[in-house]
Structures are given as C-alpha cells and as structure tokens.
Ligand SMILES: NC(=O)c1ccc[n+]([C@@H]2O[C@H](COP(=O)([O-])OP(=O)(O)OC[C@H]3O[C@@H](n4cnc5c(N)ncnc54)[C@H](O)[C@@H]3O)[C@@H](O)[C@H]2O)c1
C-alpha cells in the first residue's frame, strides 16, 4: 500500500498496518471527544498502545504527552490516506438481500462513497426501488451509460456464486477498475484490476476462536 502524499516521499505501508489504520479511522469517526490516547485506542481495538504509536508513524502524526492525539487532524490524515476527500461513485450488481442492504447503507457517505446505480437481471426486481435507486437491467448498454455518466471505477458484486465471474468480466470489459466481491468465489481478473474479496464469515470465525480461548 502506498501513501501518495504529494509533499512527501511515498511510504510503503504494510498490509496489516493498513488494515489497522482503517479500524482507527472507523473508531475515530465515532469518537465525540477531541483527544484520544494510544492507550484509549488500543483498549477499544484490543491491541497494544505500542502498536498504535508505531502505526501512526506511517501517517506522521504525533501525540501530545498526557493528552494524546488531537482527533480532527488525525481523521484528516487518515482520510487523505484513504482518499476519502474524493467522492467515489460505485455501482452494485445484484439487488438481492446483500446488494439492497449495501445500496441503502448510510455510512458510505462518511467515507466518500456514493452508490449511483444498482443492477439485476431478475425481471421481478428490475424497476423496483432500493432506497432511492430504481433497479436497472444488467445490460452492457446500461452499464456503459452509467459508468460514463458517473465516472464509475468501482463495481460491487452481490450476485450468486455462479454468476459472479461472468458479472466481473462484463464490469471489467466496460471499464470498471476495481471490484469489491461478496460472492464466495475466487474471481479471475486481468492484471491491473483491483480485487477485494469480502467474507463476512471470517468475522464470525474470529469471534468463535476468541470465545473458545475464554
Ligand atoms: N461476503 C459475505 O460475507 C457474504 C455474506 C452473505 C452473502 N454473500 C454472497 O453475496 C451474494 C449475494 O447474496 P444475497 O443473499 O444478496 O443473494 P440473493 O440471492 O438475495 O441476491 C442475488 C441477486 O443477484 C442477482 N443475479 C444473479 N445473477 C445475476 C446476473 N448474472 N446479473 C445480474 N444479477 C444477477 C439475482 O437476481 C439476485 O437478485 C451471494 O453470492 C452470497 O453467497 C456473501
């Protein structure tokens, strides 16, 4: 992961650090106080304060003795790192349980993400509303139009396992640069395409593992 600040030499951020930085941002966005200590963050995320301090060296933020980190600049630094200041339009394919829930998720706005269209191939769902969006038929023509109009680079795959690869192919063929895949399938994508697989079940596995240790 590269920290691409213009005025600074890009830093290579190790993946585990990058993942924790995402958690710090999510936590800070919920904080109501103005300052937070590394101990405070560590306690809430079940890690060590040393780890927090080490991770923050990647974003060049320093805490004040006895007070901790000033939250607003910390949020700004992390937001810049994740490109949150830039609004990214995304599209969802699959207006089932998951796709519909994601399309209605209000929290995306906070992180600079806006769902601009949701597609499906089920005639029953096409034309129905998911929040404020009308479900569009998943055709290349519609896709091209939406991608061009809203300058979409990110596609979310919420279709069934069997359809996921074909949907990924169509999205990439029509200019999508990054796929956020929820289907439990290993997708093949051309080099240069960003692929993030999301598996909610890993969270439950962590809980089960932690419970067993108690
Ligand atoms: N990542 C996770 O942790 C997680 C959790 C739950 C579900 N899932 C997966 O997410 C996907 C969606 O789950 P769901 O519960 O919303 O399923 P769902 O059956 O409710 O919805 C799937 C939708 O995809 C549509 N679809 C199927 N093929 C299509 C195609 N070729 N083009 C356009 N639309 C198509 C269907 O019409 C349907 O509306 C599944 O693959 C499921 O296994 C993942």
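For all residues, glycine too, the Cβ spot is worked out from N, Cα and C.
As annotated by TrEMBL, domain 'CoA-binding' applies to 83-186. Helix, strand and coil content of the domain 'CoA-binding' (83-186), in residues and according to DSSP, is 37 helix, 28 strand, 39 coil.
Positions annotated as NAD(+) binding site by TrEMBL: 94, 95, 96, 97, 98, 99. Counting every protein chain shown, the Cβ of residue 96 (NAD(+) binding site) has 13 other Cβ atoms within 10 Å.
Fewest Cβ neighbours within 10 Å among the binding-site residues 94, 99: this applies to 99.
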